[in-house]
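J.: Just dropping this structure here.
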Amino acid sequence: MGNCVKSPLRNLSRKMRQEETSYTVVQTSEEGLAASGELPGPLLMLAQNCAVMHNLLGPACIFLRKGFAENRQPDRSLRPEEIEELREAFREFDKDKDGYINCRDLGNCMRTMGYMPTEMELIELSQQINMNLGGHVDFDDFVELMGPKLLAETADMIGVKELRDAFREFDTNGDGEISTSELREAMRKLLGHQVGHRDIEEIIRDVDLNGDGRVDFEEFVRMMSR
């Protein structure tokens, strides 16, 4: 079984509790407002419900609240909202809209849903898909594959809807990418103070897989899954 987002989040949550005397943590009141000011909905949700977004640069770290605390039991059927989450992830990677996902895209699709599959797991899945499904996965196959994982491992995980909502709040101009200025503004809102341009550029360089100087949704998912 691949590594799940919930494990690093729990580790970082413990680290946050150990270090909160030396860092400024985003605090939320009973009404759900951050002490540093009222945040937009998805950003506030993320601040309340995540442990730590990123831990690259010390003062540029963003500490976020742990959560997504709905305990899900494996001995039940998928709920409608969980099926919709699977459908949304499937649509994201059904690039030519033919109703199939290529097995090469399955790893990124799983990461979008909050799973960090190992290389061995991806190899095994690819072999299974190539042997039994002709190298492509339709939605029913996808539900059969991902449903048990969703039932067994989604407690404390970041779902695709939460990631997409948060990405939209970072991507203020709606062009599908997060720029240096957009990331700096989001961090200012979460931290309550401005982060230096050089620090922001370092963060973007670290997560910018294609080297275009901006963060797209796939790169954002990887950043949030660290």
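Keep in mind that glycine also has a Cβ here, set from the backbone N, Cα and C atoms.
The following feature annotations were taken from Swiss-Prot:
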{"type": "LIPID", "residues": "Gly2", "note": "N-myristoyl glycine"}
{"type": "LIPID", "residues": "Cys4", "note": "S-palmitoyl cysteine"}
{"type": "DOMAIN", "residues": "81-116", "note": "domain 'EF-hand 1'"}
{"type": "BINDING", "residues": "Asp94, Asp96, Asp98, Tyr100, Asp105", "note": "Ca(2+) 1 binding site"}
{"type": "DOMAIN", "residues": "135-152", "note": "domain 'EF-hand 2'"}
{"type": "DOMAIN", "residues": "158-193", "note": "domain 'EF-hand 3'"}
{"type": "BINDING", "residues": "Asp171, Asn173, Asp175, Glu177, Glu182", "note": "Ca(2+) 2 binding site"}
{"type": "MOD_RES", "residues": "Ser179", "note": "phosphoserine"}
{"type": "DOMAIN", "residues": "195-226", "note": "domain 'EF-hand 4'"}
{"type": "BINDING", "residues": "Asp208, Asn210, Asp212, Arg214, Glu219", "note": "Ca(2+) 3 binding site"}
J.: In sequence order, which same-chain residues at least six apart have a C-beta under 8 angstroms from Asp208 (Ca(2+) 3 binding site)?
T.: Arg214, Val215, Glu219
J.: CA-CA, which of the binding-site residues Tyr100, Asn210, Asp212 lies nearest Asn173 (Ca(2+) 2 binding site)?
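T.: If we rank Tyr100, Asn210, Asp212 by Cα distance to Asn173 (Ca(2+) 2 binding site), first place goes to Asp212.
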J.: So, in DSSP terms, is Asn210 (Ca(2+) 3 binding site) helix, strand, or coil?
T.: coil
J.: Over all shown protein chains, what is the count of other CB atoms within 10 A of the CB belonging to Asp94 (Ca(2+) 1 binding site)?
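T.: Other Cβ atoms within 10 Å of Asp94 (Ca(2+) 1 binding site): 19.
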J.: By CA distance, which of the binding-site residues (Asp94, Asp171, Asp175, Glu177, Glu182) lies nearest to Asn210 (Ca(2+) 3 binding site)?
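T.: Going through Asp94, Asp171, Asp175, Glu177, Glu182 one by one, the closest to Asn210 (Ca(2+) 3 binding site) is Glu177.
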J.: On a count of neighbouring CB atoms within 10 A, which of the binding-site residues Asp171, Glu177 is highest?
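T.: Answer returned by the neighbour count: Asp171.
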J.: Within 10 Å of the Cβ of Glu182 (Ca(2+) 2 binding site), how many other Cβ atoms are there?
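T.: Excluding its own Cβ, the number within 10 Å is 19.
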J.: Give, as a single whole number between 0 and 100, the mean pLDDT over the domain 'EF-hand 1' (81-116).
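T.: Its mean pLDDT is 83.
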J.: Quick check: in three-state DSSP terms, what is Tyr100 (Ca(2+) 1 binding site)?
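T.: Strand, per DSSP.
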J.: Between C-alpha atoms, which of these binding-site residues comes nearest to Glu182 (Ca(2+) 2 binding site): Asp94, Asp96, Asp212?
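T.: Of the binding-site residues Asp94, Asp96, Asp212, Asp212 has its Cα closest to that of Glu182 (Ca(2+) 2 binding site).
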J.: Using the recorded Ca(2+) 1 site (Asp94, Asp96, Asp98, Tyr100, Asp105) as reference, state which further residues of the same chain have their Cβ within 8 Å of the centre of those residues' Cβ atoms, listed in sequence order.
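T.: Going along the sequence, the neighbours appear as Phe93, Lys95, Lys97, Gly99, Ile101, Asn102, His136.
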J.: Return the residues near Asp105 (Ca(2+) 1 binding site) by Cβ distance under 8 Å, restricted to its own chain and a separation of at least 6 in sequence.
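T.: In sequence order, the residues whose Cβ lies under 8 Å from that of Asp105 (Ca(2+) 1 binding site) (at least 6 apart) are Phe93, Lys95.
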